[in-house]
Amino acid sequence: MDESRACLNACTVLVGLRGRCLRLFCSSGTMLRRPCYTCRPAFLFLQVRGAPAIAIVGCLSLAVELHDKRNAEENVGHLEKFVLDSLSYLVSARPTAVNVARAAQELGSFVQQEAKREGTTAKSLRESVINWAEAMLDKDLKDNRNIGDHGARHLLQHVGQDKVVVLTHCNTGSLATAGYGTALGIIRSLHAMGRLEHVYCTETRPYNQGARLTAYELVYEEIPATLIADSMASVAMKEKKISAIFVGADRVVANGDTANKVGTYQLAIAAKHHGIPFYVAAPRTSCDLSLEHGDQIIIEERPSQELTDICGVQVAAPGIGVWNPGFDVTPHNLITGGIVTEIGVFAPSELQAALTQAVNKE
């Protein structure tokens, strides 16, 4: 790979092998200084969003900063401390999505091991971290394509329809991952197979990720799609012959309970009522077996202005109280289609054993 490029909402990350084209830009084309410290506000203000994207951009921002420090006088110990401190700073931005915490833990352990290795220099450690981040980018794209294939085939095997109509929530495509997407990746795969009749995507209030991002991806790829208000989802299930619901995940815990963009829970309830399979699509990096059930997931509270304002204009009455959680938790018993990962599709009750077995084989 001579150059990796991840276009993630308002930020573009350019990472080149062995330090070529290694820069982080904002949407205006301006190169960002101190990328790690620029990325954290980008996470907080949803300029970069989507659980996989947050982890990838965080690690790539660190790679960019290490590349920019390549001529600095430093030793292995100082570089190790810099990496660990930077990772801790990035993790603190978004508590609900597990991917960035997992990536930070894995990269931190890797750096500590490399630092102890005989013959390691600051230069070799820096290059190792850059290569690790690039490999993470490549792996996410590969995993997403596998998720797309597994999810599409599983649905087609179980619905007995020549062509399917699906509904999705929030944004889970190339703008939320390294590319292709998770839930939207399944939709892409169905379209590529010629088995997708239509997609309904929710606007995803209050930040409108569905209207702004998913609708854009669907139009760009010429996938037949219709945008609906969040409040129209139940009637769409009743009247539009929806074959399945596909959503992503910010954290899936051991029993299969899933935290995802707020509004997911009510979709799962409506899908259960209408007998429509409800699928969660997530890479293994979004699965957290250290938590037993969804009540243990920390749910991020978002600023009130995201709900009271639209495009910077306040539309709600001044002084009104606001409750604006960014996520909700869907109980495992409502995930009736299955949890789609890069290694297969599993019932929530099967997930923990399947993931543990996969880790033991690696």
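Placement of Cβ uses the backbone N, Cα and C atoms for every residue, glycine included.
The model shown is predicted, which means the values in this text are computed figures rather than measured ones.
Annotation comment: TrEMBL describes Cys170 as site 'Transition state stabilizer'. Proximity of Cys170 (site 'Transition state stabilizer') to non-local residues of its own chain (separation of 6 or more, Cβ distance below 8 Å) is seen for Thr202, Thr204, Gln209, Gly210, Thr214, Val247, Gly248, Asn260, Lys261, Gly263, Thr264, given in sequence order.
In this structure, Asp250 (active site, proton donor) belongs to neither helix nor strand by DSSP; it is coil. Residues annotated as active site, proton donor in TrEMBL: Asp250.
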Cβ neighbour count (within 10 Å, all chains shown) around Asp250 (active site, proton donor): 29
